[in-house]
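Asker: Have a look at this one before I ask anything.
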């Protein structure tokens, strides 16, 4: 990466003795969609605030578009659109008025801001509500309006903090599609924080798992899955027409295929763990043995598993977990 | 969300933000928006009604007994018809400038007590701060918009008063009266400005709007009701009356009490307005017989009155700036979260 759009160098933020963000290094390239994942209180929002110069890092540097966000926040804010996790609007103003106000604050002249505002409201699916006061808006509508507001200044980078909160499932898909489309067609760099793993998986080029103030892992999902599930990255399930006996005569033959590490047979379903991907060999084996293959399903490990496995392996939060478990037990016993 | 209308985003040039807003335009945009908010709010309408009511009430009372006041040859100020309109009363109702002593703080507090914390509670502050807006510009714009409104309001009322006076009495207004009345209006705006900046300070210091409103009203009540009592009690406790022997000591004693009372902004305001609206007032402290000897009770020229109120005016301005500077200090490095 030669010219990262977002470049965090040793970013640290302490609140008293608590280290909210601890020596964070991160580079995000132009046009990339980066997902910042982490449990509550991991320091995601604090990191974002430091990127916008809304809070000062204790040490380290946050460079956005090559500009130091701490010393030159105004320049950064011209180029970055930020949508906070709980986005609020002036309730006595209409959606369009809110947008036009933001536009004007960014130096867009009034009539141009008006035009852009209307276009953007159409884009996010709020075209019919342009002249409604935002006090009647639902959470999801506000979230959509938030995206329009981010785009009205035509930013180079957009930072979205929990962008899909409160949007209905269909809306989430549209929302994420739009973000991806913007990134692909306009070269927009996107950084989004979330704990909705599926959604992050849908749009992000790269993700970083962020916990206890540190970037624990970063890379694309494929890479993360390889790193964590080095033993059994792939799981192939094959369904055959006839149930197989428990002691199947070909099971040894199947095991002998290169890369196959284990298998389990339950009636007509054969589950095979392999690394790397050996699906074609396995299918060929079944066909050669004259079995009727009804279905082949390859399961790649998703973010859910990665996330789960990660926190199982590292027990980052094991103290907190234990505590809550014991509280839970006490509560149950009392009942 | 459809693929169709992405053109909306890319229309024109690329996404580069080609427009760099400088700080004066953003300042004006914020002022515009704040003024619109104020004008549309019920709060301002109520305050306006209250102020208009007291103003026209006071004007009605003074118009009713203006004839007797102006024909009173004993009074050196009797030639200033328009100043009399503002200050004379039949005793049933205080004159307008005394009313303003109470209403000014209310106006300032009402326009400023939720300036910052309501935005924070609504989640709009963080959005605003993510735009290229300087933080000090935001506070400045908030107070400027309220002061522009208050200024417009006061000047309108005063011009209405002059117009009504001209229409009813048919007496031409003296230029010096115009000067005095306009200076009075400026002092009144500065006085409201002090309370405005104090309440904006509280709106930054306290997270809840109710707390900041209460704190500001508390300060106001303290200065209007309790301050005088507290000062008199304290002074009497520290310097018993019996220890005062000579006349010089008495003068010094009174002077000291008055100076302590002048720490209250309302005292500064009433000193300043009294001097400006009653040209015969030549000193705000006690005067000895020697100082008075040979003085003819006559109105002071405008510049002399202005000299007398100069310390009061600067005191009010200084207090305003102090509040403003402290709000700036609090707000500049604060971390803003939603």
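Just so it is clear, glycine is given a Cβ too, placed from its N, Cα and C backbone atoms.
For B:44-63, B:96-117, B:138-169, B:181-206, B:213-239, B:306-331, the entry in TrEMBL reads transmembrane segment.
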Asker: Could you give the residue numbers and ranges of same-chain residues that sit at least 6 residues beyond the transmembrane segment (B:306-331) on either side and whose C-beta is under 8 angstroms from one of its C-beta atoms?
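Answerer: Distant Cβ neighbours of the transmembrane segment (B:306-331) are 116, 135-136, 138-139, 143, 183, 187, 190-191, 193-194, 197-198, 200-201, 204-205, 262, 265, 268-269, 271-272, 275-276, 281-284, 300.
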Asker: Counting Cβ pairs under 8 Å to the transmembrane segment (B:96-117), which of B:138-169, B:181-206, B:213-239 comes out on top?
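Answerer: Ranking B:138-169, B:181-206, B:213-239 by Cβ pairs under 8 Å to the transmembrane segment (B:96-117) puts B:181-206 first.
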Asker: State the residues, same chain only, that lie 6 or more residues beyond the ends of the transmembrane segment (B:181-206) and have a CB under 8 A from a CB inside it; answer 'none' if no residue qualifies.
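Answerer: Residues packing against the transmembrane segment (B:181-206) from afar: 82-83, 86, 97, 100, 104-105, 107-109, 111-118, 139, 142-143, 146-147, 150-151, 154-155, 158, 162, 212-213, 215-216, 219-220, 265, 268-269, 272-273, 276-277, 306, 309, 312-313, 316-317, 319-321, 323-324, 326-327, 330-331, 334.
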